[in-house]
Every structure is written in C-alpha cells, then in structure tokens.
Amino acid sequence: MSDILRELLCVSEKAANIARACRQQEALFQLLIEEKKEGEKNKKFAVDFKTLADVLVQEVIKQNMENKFPGLGKKIFGEESNEFTNDLGEKIIMRLCPTEEETVDLLNKVLNGNKLASEALAKVVHQDVVFTDPALDLVEINIPQDILGIWVDPIDSTYQYIKGSADIKSNQGIFPSGLQCVTILIGVYDIHTGVPLMGVINQPFVSQDLNTLRWKGQCYWGLSYMGTNIHSLLPSISTRNSRETQSQEPKPLRSEAECPHPFSAVISTSEKETIKTALSQVCGERVFRAAGAGYKSLCVVLGLVDIYIFSEDTTFKWDSCAAHAILRAMGGGMVDLKECLERNPDTGLDLPQLVYHVGNEGAAGVDQWANKGGLIAYRSKKQLEGFLSRLFQYLGPADAYT
C-alpha cells in the first residue's frame, strides 16, 4: 500500500489528538470557552483559539508529510493562513518546530505568555502516533509523488467544535449537530487531471466514555488509482475480488408503486426551499439535516444515506476532495449539481465529476476554490442516475439557484 496513505492516516490521527486535547485538557479548554462568548473577545488572547487550533493541525500535517516525503509539504493546500499578529504587533508564522521546547516558545508568543496552554498544546503536537490497519498491508501500490496535490480541512464544522455539544441524539444514525459532526479531511488528487486519488476522513468525536469523559474517534480511508480501488469499509480485503462488486452494487430500484420514495438524502440546514420541496417528493420523510460538509459526505460513505446534495457555492475543494476519493474507491463519486441539472439525461454524457487542480476563472481568494455549481455525493452511478431521473421531475436548472 502507498506509504503516503499510511502517513496521512498517522497525521490525521495526530490532528484528531490535538482536536480532542483542546476539548479535554483544562488549560486548552478554557481558551475554547472564550470563543463561545458572542460579540466579545477576551483581551488576554492575541488570536481566536479556534483559528489557532485549525492552523496548528494544518501545519502539523504539512510538516509531518514534508519530513517523510521531502517536497510534498509544498503541495499541501488548505483553508488557513499560518500568520498571526500578537498584541505587541509582532507577526508570527505558526509552524511545527523541531523540538517540543521550541514549539512551546513559539506558541507562547502567539498566546501572549499563556505558558500552561502552550505547554499542553506543544506536548500533544509532538506525541508520536502509530496508526495500524491490517488492510493497509495487503495491497502494494506506488503512486508517483510528483503528480500529487493535497487538500486539507484541518477542523471541518468549526462551529460545532467550539460549541461542543456532546449530548445530541442521532436520527437513524445521523447526527444533526454536535461534536460527532466534526471531521478532519485530507484529500489527495492528481495535479494534472484533478482526479481525487486518496482520501482520509478522521472523525475525532465518535463515542464518549461517561466516566472519564474522554472521546474516541474513527478514521476512514480510500484509494482509487489505475484500476485499483480499495477502502477501509470493505469487509475483507483478501476476498475483495470476489465480494467487492456484490457489496458495492446498489439495491435494485423498485417501481414507484412498490416504493414511492426509494432514496434517502442528507442536506444542510441552510438548503434552499426549492431543493427541500423537490427532495420531499423524491425521498419522502427520509431527508436528514446535518452540520458539516465533511460529516454529510461521511454519511454517504457509511451508507447511512444514498445522497448528499447541496445547491450553494459555499463548499470548497478542501471540503470535498477526501470524501470524493473514498467514494470513487467504492464505485461512487461527487458531481456538480448545476451541470447535472443542465445536461440532457438522454444524451448519455459522462457525469460532471468535481475536479481539484484548477480554480474558478475570474474568482479571487478562497472563492476560486469554491464548488460553484453545488454538489451531489453518491455511492453508485446507477443509484445517482435513478435519483436524478426523479429529481428532474420536480426541479429545473433555475430552481436550484433561485
């Protein structure tokens, strides 16, 4: 298996440890608490701590990958800038230092002398992490490093992370909000074609020990390259050839008389009324709302729903690349919603997959990396085509954007 994928899994787990530590260690948790105050900022702190946590995770991923694979760190892109200005007006570049003591000193400058928090954060940043998955040892594949680019979303669903709700009940396994919706997303793509090749989704907050209040997480991965498709949800990698096709084949679509609403979907709480109305016709009551683009994509990966659909242009390449790669390994994918609605379903054109190597023409800043046409994530092409054929009956191209 690709050594790069193995290392990405390790750094995602280190990132998850940082995310958990910020919620579980008192010195760091107090800084998170400050972020909850509406309309005010504690003058003691030079930066908002949620941004520091995001940046630190991103820089840990970059530095660890650069150390193991020289040159790769320069091809890792994400949402956050790593430059801070403290109360003295000093510009500080956040990075992972060679030693824990040096990282403490750097964090101390960013956090205006809060040494207790700086030491707690530096300790978890420098802890070694070993990630084991027997499936990683069973397939040998080498992907040339020089064709790889990487998108990182260090802490997706930051609002849920800061809010920190731990007692939200799931609806048929899907959490509408809460810490379970927080994910760490790492997606690898081909810089020449934009096709996603490897994906890692780390969910740091899956279950909580009610005695210790400590959280355990879960990590999911997938790889799709040159005809090799493998992912962490396969029941047995060794029997992949005989069972993968069967396990990933969608259930046969029943007639409308047998099942008037054969699909299920997850959507954003901010989804447009036109989309929600159309989905109620297609999915009936099996439309679920959830926070976090990464988490909603994960719901599709896990088979909790058939479709994740989003009509807005407020997701970005770092939100979608990881899940897209895993879904490709499963026989699914992620397509541009607007292009799907505008195409003629009778022409048999290939589905308009999202790509990750070019920005939006004429856009500036983060907008150049937005998924401008919205998106649909799905587990199988046949399932998507069945879903779209029904959606077309209730939704036209203009309806998704009005």
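Glycine is treated like the rest: Cβ placed from N, Cα and C.
Quantities reported herein were computed from a predicted structural model and do not represent experimental measurements.
Annotated Mg(2+) binding site per TrEMBL: E79, D153, I155, D156, D319, in sequence order.
Non-local contacts of E79 (Mg(2+) binding site) by the CB criterion (under 8 A, 6+ apart in sequence, same chain) comprise D54, Q58, V152, D153, P154, F316, W318, V366. Note on D319 (Mg(2+) binding site): other Cβ atoms within 10 Å of its Cβ, all shown chains, come to 28. In the structure as shown, the Cβ atom of D156 (Mg(2+) binding site) sits within 10 Å of 26 other Cβ atoms. In the structure as shown, the Cβ atom of I155 (Mg(2+) binding site) sits within 10 Å of 30 other Cβ atoms. D153 (Mg(2+) binding site) counts 30 other C-beta atoms within 10 Å of its own C-beta, drawing on all protein chains shown. Excluding E79, D153, I155, D156, D319 themselves, the residues of that chain whose CB lies within 8 A of the CB mean position for the Mg(2+) site are, in sequence, D54, G78, V152, P154, S157, T158, T183, I184, L185, A293, G294, F316, W318.
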